[in-house]
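Look at TrEMBL and you will find K31, G32, G33, V34, G35, K36, T37, S38 tagged as ATP binding site.
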Amino acid sequence: MISDNTLDQASGLRNMSIAKKTKVVAVTGGKGGVGKTSVSLNTAIALAQSGQNVLVLDADLGLANCDVMLGLRVHKNLSHVLSGEAELDDILVEGPHGIKIVPATSGSIDMVELSPAQHAGLIRAFSEMKTPVDVFIVDTAAGISDMVLSFSRASHEVLVVVCDEPTSITDAYALIKVLNRDHGVSKFKVVANMVRTIKEGQDLFKKLTLVTDRFLEVNLELTAIIPFDDNLRKAVRRQRAIVDAFPRSPSAVAFKTLAAKINKWPAPSHASGNLEFFLEQLVN
Ligand SMILES: Nc1ncnc2c1ncn2[C@@H]1O[C@H](COP(=O)(O)OP(=O)(O)OP(=O)(O)O)[C@@H](O)[C@H]1O
């Protein structure tokens, strides 16, 4: 006879195997000020509006800003997790529509100088979280630091935010090159931000692929075109997200379209072989 205990175990295992896998999306770009945090937060909120449990890691560890952009109060941050004083679940801050944010520290030198082992420890710590997460968005810092590289490599999708400035294109190219050459990332999803027309967004994508096609073996896809939108700046001044404050504004509509695309991306089905966020879910 099969005991109740055995049945409980079987149903537990079944639930584990059908449990939703977390999609992990790194938002990066190489250059500062191209709109990474705006893309991360607005896409996160649009995903939450569509019913997803969304977690945002404010990995701009040198100068944290997700909480500032949304006017949220932070009590504990990643430094408390690193020092062992708190678990990730304890430091989450709730934002609009129930998004959860993992706050970084503001301007703390220690955080900028984390070692590769500490990055790996942080990536592993996410697997221990009890908070349900359908989509995890990693808002990376500007530049090509070890942290940006290890967090991007540990994600399932890498969004590269670019705007129509020569330095944005060269910095995005440099980031793609290093992620590909040194970390084996070959697929990138490009977000053309702050453009005046759809055509400007498409041309911007062409400028980037002109160099990547010539020198690298990578696959780039133009995933979103976000218009320049004065209302976005107005929303930032009010410490609100545009998808919330001006939902019909052109950039808000574009963020919702991007969120709808992310909803359609398949959840990861197998481990990549590298250290990745929520790895446990993929090997169980
Ligand atoms: N589509 C847009 N239309 C108008 N302004 C925008 C748009 N996207 C971003 N901005 C503005 O550009 C500035 C930089 O945006 P944001 O802080 O999101 O960039 P970032 O890449 O995260 O910057 P950093 O690297 O410094 O953290 C902000 O003032 C923001 O309001």
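Using the three backbone atoms N, Cα and C, a Cβ is placed for every residue, glycine included.
The record gives K31, G32, G33, V34, G35, K36, T37, S38 for ATP. Within 8 Å of the mean position of their Cβ atoms, the other Cβ atoms in that chain belong to G29, V39, A142, V161, C163, N193.
In this structure, G32, G35 are the binding-site residues from K31, G32, G35 whose C-beta falls under 6 Å of some atom of ligand 1.
Most Cβ neighbours within 10 Å among the binding-site residues G32, G33, G35: this distinction goes to G35. Remark: of the binding-site residues K31, K36, the most isolated position is K31 (fewest other Cβ atoms within 10 Å of its Cβ).
Around V34 (ATP binding site), taking its Cβ as the centre, 24 other Cβ atoms fall within 10 Å, counting all chains. For S38 (ATP binding site), the count of additional Cβ atoms within 10 Å of its Cβ stands at 25 [all protein chains shown]. Residues near T37 (ATP binding site) in space but far in sequence (CB under 8 A, at least 6 apart, same chain), listed by position: D58, D60, N65, C66, M69, D139.
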